[in-house]
Each structure stands twice: as structure tokens, then as C-alpha cells.
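What Swiss-Prot annotates here:
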| type | residues | note |
| --- | --- | --- |
| COMPBIAS | 85-97 | compositional bias 'Low complexity' |
| REGION | 85-163 | region 'Disordered' |
| COMPBIAS | 105-116 | compositional bias 'Low complexity' |
| COMPBIAS | 129-160 | compositional bias 'Acidic residues' |
| REPEAT | 186-220 | repeat 'TPR 1' |
| REPEAT | 229-262 | repeat 'TPR 2' |
| REGION | 248-332 | region 'Interaction with dimeric histone H2A and H2B' |
| REGION | 340-385 | region 'Disordered' |
| COMPBIAS | 342-359 | compositional bias 'Polar residues' |
Amino acid sequence: MKLRAEDVLANGTSRHKVQIDMERQVQIAKDLLAQKKFLEAAKRCQQTLDSLPKDGLLPDPELFTIFAQAVYNMEVQNSGNLFGDALLAGDDGSGSESESEPESDVSNGEEGNENGQTEIPNSRMFQFDQEEEDLTGDVDSGDSEDSGEGSEEEEENVEKEEERLALHELANFSPANEHDDEIEDVSQLRKSGFHIYFENDLYENALDLLAQALMLLGRPTADGQSLTENSRLRIGDVYILMGDIEREAEMFSRAIHHYLKALGYYKTLKPAEQVTEKVIQAEFLVCDALRWVDQVPAKDKLKRFKHAKALLEKHMTTRPKDSELQQARLAQIQDDIDEVQENQQHGSKRPLSQPTTSIGFPALEKPLGDFNDLSQLVKKKPRRH
């Protein structure tokens, strides 16, 4: 059968053949991730992405999400983070320890320095150090008694105010009527040289890979088309993954930003049990990160905690099948409510740098499919520095 011109790539390869091979590589990488062979999974994704033809065949977004999870878990292994919850494909929730191999020590020399390196995507997500969020805009503007203490204090106050304003705008974000400026045109997509993602800060590398997955999932917007239900669902799932990585890296405000973005996408979907569960999960994760953001006033934390508590209680009356998980979440949120109320009376006793507990990390069992967080029923104590 003679192939049509549009079915043949510039190098003479069948477009269909390349697509089939890419799907096979995705499945292999997913299996490696499930086996906790993080370096092998990451290299499989890197080599697949670098080998794709550059003339119009777009990568499967899942190559980027698997790559991101593998790189993230390599960093967890490198840092000896005993409290880090891995983002795994096919995690059965058993909580069994991985037989970690020394595979996370990557040699940069193995890949070599390639010619023709393309620029890293111009992702806006890294602006959030100054553009992070808070839950409300109507916040008292500080108790600064030492006016003129120095430019550092003034800059810090400006950043806090920008954070408050940014989150106030984001709390009601909906992609149905607002442009998502984190989803850039695919022309910004990296084309080759993916070995760089084994270097430097692997947390940020994982986030950048997820940002590229967003470019691919959101690409219909460049043609003025509406995103499909499935695309919005998968974009929401990518934002959850971003939030989980940021939360584990103690970038709590950035995590809240992306959990709220996920909520914005989930709330545009048609009502369904899966959607309801994702909304519940995202609401809980906002609270899980929020407890560590000191810039948010206690009254606004209480609003969010009580909102999540009411959602959980309502959900538990109609969905008893996962009541054990929801009970654990409910107990944690009630603890948060009690702590905020106690702090209002007696002042905070929590060290500023304590990271969060982790209930609800997602696991990919199929392309950005259902999240499996049943392994997180035991509430862990935050690690201390």
C-alpha cells in the first residue's frame, strides 16, 4: 500500500510507524517507573524524545510526565529523603520499601555534549518566587514597626503582597473563561538535548518537564479550539503532579498555586464520580500545603479548612467505599482547624521551616489516569531540620 505524502516524515519514515514505536516506548518507561527503576525510566524517555523526528510529529505528553516522575524520584533517592513520597506508576499502595539501586548517580559524560542544543522552553512557571499566592486579597498589610529598616524588609513585604494578590486572583480561576498563561505555544517545546534534565536541580527539571507536557496538552488553544474534556482532565492531573513535587520540595505557595489550577480545570468537567474524587483530592491538597504558608491570615486558613471539611463530610455520606481514606483526611483537616484556632489564642508554636505531611500523592496507572493515594492513610510527622 502506497503511503500518502502527509503520512511520510522528512527522513522517509512512516508517521504511523514512529507513532507506534513511541507508544511502545511510553509503556516500557511506565513499567520501569512502576518497578522503581527511576534512572532507566528517565533514560528511556530521554532517548525516545531525542530520537523523535523534528519535522512535525509531536511527542506523547506522557513521555514528559513519566520523565518528570523518574527525575523527581532520583532526587528523592539522592537526598536521602526518608519522608519523601514517591510519585510512581502502578503503585499498589502497599507502602513496601523499594530496593533502591545506586541508579540515581547519573554521569553526565555518558550522554556527551551534543551539538545543536535548543533552548529550554520559555516556561512562565518559574516566576512564582515573586508571584506566589495567598487565599485572599483583603489582608492587613503587615505589622511593620521598623519602617526604614532596610530594603530587604521592604522587598520581602512587596513579595508577600504580590503573593496575596496572585492567589486571590487564582482562587476563582477557570480555564473556561480565563486564559491559562502557563500553557505556552508548542513552538516553545524543547526538541532535543534532553540529557540536560539529569543535571543541576532535579526538582526544577521535573517541573520543567511537566510544563512541556502542559504545552502539548493545551495545544488546541493555539488554533482557537476548545479543549476537550479529556484534555482538561489531564491538564488538571499535571498540575496536581506539579503541586506534589513543589510541596515535597517545600515550595508550598507554588504548590497551592498549582493545586488551585487543577481545581479550576476539574470544575469545568461534567459531573462524574471520578471528577468529584479529583476535586476532593485537590481541595485537600490545597489545605495540606496551606498550613505551612505563614503569610496567609488565620481567618482565611480557617475558611479554606472548613470548606474542605464540609466537602469531605458530604462526600463521605454518598461515597462510603473510600471512607477510610476520607476519615484520615478529615482527621488531619480537623487537626489543622484546631491548631489555627489555638494559635489565634496563644500564638504559633510551629517552626517556620517544617515541611508538610503527605496524604494524597498521585500514582499513574494509565496515562494521567486515576490517582491512588490509599498508601497514605498513616499520618506522618513532619521532618525537622
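Even glycines carry a Cβ here, placed using N, Cα and C.
Secondary structure counts, DSSP: the region 'Interaction with dimeric histone H2A and H2B' (248-332) has 68 helix, 0 strand, 17 coil. Taken through DSSP, the repeat 'TPR 1' (186-220) splits into 26 helix, 0 strand, 9 coil.
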